[in-house]
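According to TrEMBL, the compositional bias 'Low complexity' annotation covers 10-26. Summarising the annotation, TrEMBL assigns domain 'Cationic amino acid transporter C-terminal' to 518-568. Marked as region 'Disordered' by TrEMBL: 1-26. Positions annotated as transmembrane segment by TrEMBL: 73-93, 99-123, 143-163, 194-214, 221-243, 263-283, 304-328, 348-374, 461-481, 488-506, 518-539, 546-563 (among others).
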């Protein structure tokens, strides 16, 4: 049997035998026929998933030129650190320490880091086996991929706009200039929350957009430089905290009569609640998986790059948390600006708050750079699938980057950052990323234990549903049940049920396939723990987050039903218009002719 030929695909418009392309959107009549076939098309496309071979050949060819494979593991570590260590740690640490964990905030960061590491392992297995630019979108079935991808891109856009507007304020505190007053102006007549025009935020987003359009490798060099400067500021905070701080502050509050003492003032529950809050500081490593298509040696570089960056960031965060807790007792921490306030209260070190502002500014630039790189690659691969306009998938042959997707998202993000208030933006961010992590954990188990056409998927699907239900029950009990012995017993029962489910599934359902290059250790325990933790963290989010998720998801479903499924169906139907054109094509043709004779 002859192997499938590999090579670039191009439209075979010159072939006389090729059928004419059809489009559901060619006319009103065509669209009407397409709508009439919606149920059938949904059955065919919603659960479809491309194989690794299809993703690496036929689907990837829709972008035209290939992306440049110029990244190594060190570039990925830099992108991961730059994407995670942004402004989040400078804000969430104070709130989590003062309200939930106390000095044990270091344990909260360690637990959140473990959760991030487990999720990163799930991403890594997919990225190594399917080194394409789509990240989570390429790993899920079409409808689930579209739903999660749409939410994730929306969150990227709004969070990037929020970070850009924050940059204006942090830069001012670093250089001693009121940049908010100088770079923003109020427009009369616009509604409150949308009337503060921020020109600096727009300039930053557009400059970064130009950079990522120009070259991924040069973007990596810029990210390395900015990240190195940012880490230098972080090391300054850590060193000074250990030098000027006091170990006594780790166990003694500032007001012993009003605040509980000890290293665990709010108990183990406070540590986990703190972990749920600070976990958002780790979001960003998932953008690294979207660059898999540009990595020279995916099987080696991606595992080191993704897990290595999470490990380094976890260590930095834990050291920063200890440093802050030693400088100031937990009940005296400023929840809004913990590190700056900590140095302001240290005699003779008030100037250091400006240094911290400068460090946060560099962190915002790196997180913006990595996030915008990642979101452009998400959109590029979504364009390849056909569920959004195909021109978003095009890769520029000169720069080898998805210029159309990068420019489009840059303009949209800049427009939102121009006039939308920071508080409005922050209320729209957070749930989508955790939902994607949850979906990827489920996907990696399904992929390992179900082989299309030869394995019954029902036992695996039943396990995943039952395990998610137990995880949700544990989360609801943790959040809603009153403290006491009954709560502890019920929580223990849920945890035991989760372990039993895992053990029974592992014993009764054989693993259908082994990864060819790199695989998750301790399957299915590792992704199952990731699923459990992500459900738990999803339970910590507020009601407005779920309302936003429901509204936007409903909008995404409408778009999918009335546009995306038909566009995807057309792309699949017209896939035979592509042919392989490489140096082996002639040889393959001759071999085929010989076999026919």
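Cβ atoms here come from the backbone N, Cα and C positions, even for glycine.
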- Per the definition of 3+ C-beta pairs under 8 A with sequence separation of 6 or more, do the transmembrane segment (518-539) and the transmembrane segment (546-563) touch? no
- Query: Under the DSSP assignment, what numbers of helix, strand and coil residues are found in the domain 'Cationic amino acid transporter C-terminal' (518-568)?
  - Reply: 40 helix, 0 strand, 11 coil
- Message: Can you tell me which parts of the same chain pack against the transmembrane segment (194-214), counting only residues 6+ beyond its ends and a CB-CB cutoff under 8 A?
- Response: 160-161, 164-165, 167-168, 171, 179, 183-188, 222, 365, 368-369, 372-373, 376, 396, 399, 401, 403, 406-407, 409-411, 413-414, 417-421, 424
- Message: Do any residues, 6 or more residues outside the transmembrane segment (99-123), come within under 8 Å Cβ-to-Cβ of it, and if so which ones?
- Response: 93, 135-136, 249-251, 253, 260, 262-266, 270-279, 281-282, 285-286, 288-289, 306-307, 310-311, 313-314, 317-318, 321-322, 324-325, 330-331, 335, 437, 440-441, 443-444, 520-521, 526-527, 529-530, 533-534, 537
- Tertiary contacts of the transmembrane segment (263-283), defined by C-beta under 8 angstroms and 6+ residue spacing from its ends, are 84, 86, 88-89, 92-93, 95-97, 100-105, 107-109, 111-113, 115-116, 250-251, 253, 310, 313-314, 317, 330, 430, 433-434, 478, 536-537, 539-540
- Do any residues of this chain, six or more beyond the ends of the transmembrane segment (546-563), have a C-beta under 8 angstroms from a C-beta of it, and if so which? 35, 38, 42, 143, 146-147, 150-151, 154, 387, 427-428, 431-432, 435
